[in-house]
Amino acid sequence: MFKNYLKIAWRNLIKDKTNTGLNVVGLSIAFAVVILLGMAAMFQLSYDDFHANVDSIYKVVRTEQTPKGPKAGTVQPAPLAPALYAEVPGVKRIARCVEDGTLALYNDKEVSMDIIWVDQEFFSMFSFPILNGNDKNPLENLNSVVVTKDGANKLFGSTDVIGKTFNLLVNGQETPFTVSAIADNILPQSNLDFQIAARFESHNEYNESKEAWDRQYHAVYVELDEGMTASVFEKSSEPFIDLHYEEGINRLKRDGATADENGRFINLKLVPLKDVHFAKFKNGFVEVSRSRPYLIFGIALLILFIACVNYINMSIAKTAKRLKEIGMRKTLGAQKQQLFFQFWSESLFVFLLSITIGVVLSAVFLNDFKSMFNTQISSELLLSPVFLVGLLLTVLVITMLVGGYPALLMSRLGTIQSLKGKLESSGSNKVRNVLMVFQFGIAILMIVGTLVLWGQIDYMRNKDLGFDKEQVVSFPLNGKRNSHDMVELLRDELSGNPDIISVSGSDSNLGLGKDGGRSSSGIGFEYKGRIVMTNFLVVNHEYIQTLGLNVVAGRSFESAGDSLGVVINEAMAKELGEQDPLISQLEIDDGVFYPVYGVVKDYNFTDLDREIAPMTFFMSRQQNLTYGFVKVSPANMANSYAAIESAWKKLEPNAEFLGSFVDENIDRTFKQEKTTAKMIASGSIIAILLSCMGLFAMSLLIVSQRTKEIGIRKVVGASVTSITYILTKDFLKLVLIAFVIASPIAWWAMREWLQNYAYKIELSIWYFVAAGALALIIAFLTIGTRTVRAARANPVKSLRTE
Amino acid sequence: MLLQLKNIFKWVQQGGQRVFLLKDINLEVEEGEFISIMGPSGSGKSTLLNVIGMLDTFDEGEYGFLSESVHTLKEKYRSNLYKEYIGFVFQSYHLLDDLTVEENLEMPLLYKKIKSSERKALVADMLDRFNIVGKKDLFPTQLSGGQQQLVGVARALIGKPKLILADEPTGNLNSQQSEEIMELFKKLNEEDGVTIIQVTHSEKNAEYGSRIINLLDGRKI
């Protein structure tokens with residue numbers, strides 16, 4: 001019997017090639033998209049899942065009630081971790097981590113590498129498998145390091161390097177370290193990323209900071225005892241906080257901060273390791289949001305939905321052609337179930353074919369997909385049991401629903417009616433219309449999303465940030481030389497070049513450079529009886545002029561000798577609350593007062609999702625510069641860049657030059673937005689394409705069903721236009737309804753998304769109008785070709801065939 | 001007795017009024033009869049045939065088929081009943097265009113869950129008997145009307161039914177083809193003892209039957 005079903009299914013599919021083709025193509029594309037997007041989302045959701053202890057490891061976050069509202073911070077002071085371990089019950093292991101870049105020296109080689117400075121327990125807490133060497137306690141000695149396979153190859157050119165010694169630049173000094181173990185490469189879905197792991201105690205800050213509760217510079221991870229929960233731990237850490245942060249709490253009280261609902265000013269919160277990748281600390285709370293992977297899943301499901309709607313609609317529409325068969329089979333003794341299985345097996349056929357093509361397509365486009373959307377998914381994920389089972393279940397459920405619904409409708413038709421070829425069609429038309437409204441609603445939603453996203457990205461790219469981003473090259477000072485000397489040497493080296501305007505440096509980059517490093521530092525100090533917080537930037541004296549910042553009051557730094565004062569931005573001036581900020585004296589070091597030389601106009605030194613915060617520029621040779629900045633003239637920019645590079649090569653022959661223009665760096669900071677926009681854009685193109693395929697197939701069927709009507713109307717004297725209008729208007733009406741439904745949803749969703757940005761575009765009505773018009777035009781073109789042809793056909797012919 | 005209709009009524013509601021399709025039909029059919037139902041268009045001939053064939057329901061009355069009371073049976077048993085004992089022949093043949101002659105003949109056997117080997121034997125038998133072995137791999141559209149109806153009759157017969165219901169079986173055929181089909185019916189009735197009920201417009205075809213039932217406006221006259 002089943003063989004018979006298959007045979008008939010096959011013949012039916014072959015007979016109606018256009019329809020089957022459209023269905024298979026649509027479903028295959030949809031399946032391929034679902035597989036790729038599904039993998040991307042799964043990859044995101046699997047962050048840090050590979051650690052065996054993932055469920056008992058937490059990142060420690062400190063929340064503070066400041067006079068300006070709550071603040072959350074993930075950087076902690078060095079004494080916190082040992083004290084927590086000793087004084088608060090429930091801690092199994094604890095590790096401090098500083099992720100950093102470093103210069104590693106081996107023989108003549110100088111290599112910039114990613115390093116993590118951690119406590120001994122690190123490798124017992126986290127599952128970074130040791131391949132070779134001391135796997136019990138790889139960081140036993142202060143000068144032991146663990147190197148990953150990649151790191152070893154980069155530095156030594158081999159992985160057989162246990163016991164070898166090399167130097168790291170710590171505080172400008174070459175310090176020897178010995179490789180005690182080789183670790184496997186870090187998985188892409190790991191938040192902690194490093195090539196070298198060294199002891200926390202060897203970090204250059206440690207000796208100054210080990211007793212200082214007010215210097216915060218590293219993250220803390222705890223692993224709790226079995227049976228200990230995060231909330232119990234948070235509760236039992238309260239007396240500990242009250243003890244160690246007494247001074248801070250008193251200061252907050254004095255400055256007028258309001259306590260939280262529990263009457264507390266400072267709390268420790270634990271963020272589960274699984275959530276760390278998705279956690280934001282923006283408004284002083286820990287917010288865990290997995291919206292991005294879910295958005296990707298959502299897009300995948302919507303596209304699948306559209307393809308399924310096509311299938312359902314076409315199957316139902318095709319019922320009309322098969323009424324006779326249904327009736328005949330029933331008179332020959334077919335029961336409902338048997339008919340159901342017959343029609344369902346046809347669907348199964350189409351779905352199995354489509355899923356096979358879909359899997360092949362996704363494998364073919366995997367690499368393009370990865371590079372286009374910057375995701376790290378691998379084909380291994382495609383073969384993982386979870387994914388396969390999930391896929392199989394999805395296909396099964398979809399085949400049941402999507403194939404089952406039309407099959408159910410068909411098998412329930414009355415025998416006599418179907419034999420007579422009569423179809424009570426109003427019911428299924430309603431279903432069809434609702435489904436098509438959904439389909440176009442989704443397409444419109446995605447088009448609006450794409451337009452708004454591009455709008456916002458365009459806005460961010462072109463916004464005047466308050467500094468000169470086009471003409472400034474930035475590069476990490478990753479060489480062996482002292483960074484201050486290096487800036488001076490570069491300035492001398494480039495001084496003869498008329499296209500080089502100025503050279504400077506600071507301890508933080510603008511945007512994201514080629515090295516991918518980002519950092520910021522801040523300080524708080526007493527000013528007239530209260531705490532003032534400010535961002536803090538160590539600069540070379542030409543920094544302000546190099547970036548083209550506007551000095552609105554006072555003066556800029558004038559020479560290297562100007563290191564006894566500071567320059568602040570307008571936000572900082574406001575924070576100080578002085579009529580004339582130039583008279584302020586800031587007590588940045590205990591007992592040392594720094595006058596304010598000048599005030600610069602506010603500029604966006606962080607991403608555009610944040611308001612401009614107070615900023616203080618400071619010149620000090622004690623603290624290293626980490627990035628160089630060179631301003632070039634607008635002419636011959638490529639030559640100027642080459643000149644900078646060759647000057648660099650001359651001064652630091654062994655270090656890599658990673659320069660880039662600051663506007664490129666800024667572009668890199670909204671890589672994620674761009675990827676999301678690309679994803680939604682591709683999603684909406686596919687959604688529109690699939691919807692149109694469905695629409696096209698429907699118009700084919702409708703036209704063929706209404707051939708007689710068209711013929712009669714023409715004989716009676718209807719014009720081509722009026723017939724086209726009659727055939728088209730029903731569909732266009734659906735698109736309009738879809739627009740009316742989708743617009744408010746799109747408006748709400750986009751407004752929510754724009755809330756993330758401090759600087760954002762207005763949600764103008766034109767985004768929606770454009771999306772609606774686009775959908776309407778595309779729909780019209782799709783149906784139009786068919787309907788016009790039908791309307792122009794010779795009526796005698798169409799009537800004769802009836 | 002093969003079947004018995006007692007006081008069968010069938011109606012539809014139209015504008016709040018009952019329009020009767022069948023009105024108080026009483027009919028007894030013995031095995032081996034050949035009955036012709038006649039009457040003008042709209043007199044309820046086909047409806048009566050469909051009720052007898054259990055394809056259509058009725059609103060009032062009793063219907064006994066081989067000592068089963070059809071009106072009390074669930075649909076599943078009803079379909080088992082007609083699958084087992086009744087074969088249908090239609091005016092427009094109603095062969096499935098996607099299936100070959102052989103497959104069309106095989107189809108009722110599939111729904112009766114007959115084993116493959118037995119199916120093959122029965123189909124071959126039937127092809128032989130109707131002299132259409134050479135046409136077994138053709139599709140219905142490749143046959144003439146008379147040949148198609150021949151396949152239609154063969155398909156109705158293949159399940160070895162006790163009763164064949166034919167709704168204007170010759171309506172789409174020319175006179176020569178008509179005669180062939182009617183001769184076939186006659187032969188089946190006389191030699192194989194198959195009961196036949198046919199609906200027809202033609203006096204000539206009606207003459208083949210042993211009994212004629214005349215209908216007018218849903219009523220037997």
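Cβ from N, Cα, C; glycine included.
Heads up, TrEMBL stuff is auto-annotated, nobody curated it.
These features come from TrEMBL:
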DOMAIN    A:20-230  domain 'MacB-like periplasmic core'
DOMAIN    A:299-413  domain 'ABC3 transporter permease C-terminal'
DOMAIN    A:684-795  domain 'ABC3 transporter permease C-terminal'
TRANSMEM  A:21-43  transmembrane segment
TRANSMEM  A:294-312  transmembrane segment
TRANSMEM  A:339-366  transmembrane segment
TRANSMEM  A:386-410  transmembrane segment
TRANSMEM  A:431-454  transmembrane segment
TRANSMEM  A:679-703  transmembrane segment
TRANSMEM  A:731-750  transmembrane segment
TRANSMEM  A:765-783  transmembrane segment
Against the transmembrane segment (A:731-750), which of these stretches has the most C-beta pairs under 8 Å: A:21-43, A:294-312, A:386-410, A:431-454, A:679-703? A:431-454
In the same chain, which residue numbers or ranges, 6 or more beyond the ends of the transmembrane segment (A:386-410), come under 8 angstroms Cβ to Cβ? 34-35, 38-39, 42, 304, 308, 311-312, 315-316, 319, 322, 326, 339-344, 346-348, 350-351, 355, 428
Does the transmembrane segment (A:431-454) reach the transmembrane segment (A:765-783) with at least 3 CB pairs under 8 A, where each pair is 6 or more residues apart? yes
Secondary structure split (DSSP) over the domain 'ABC3 transporter permease C-terminal' (A:299-413) reads 103 helix, 0 strand, 12 coil
Suppose you look only at the domain 'ABC3 transporter permease C-terminal' (A:684-795); what would the mean pLDDT be? 84
Quick check on the domain 'ABC3 transporter permease C-terminal' (A:684-795): DSSP residue counts for helix, strand, coil, in that order please. 96 helix, 0 strand, 16 coil
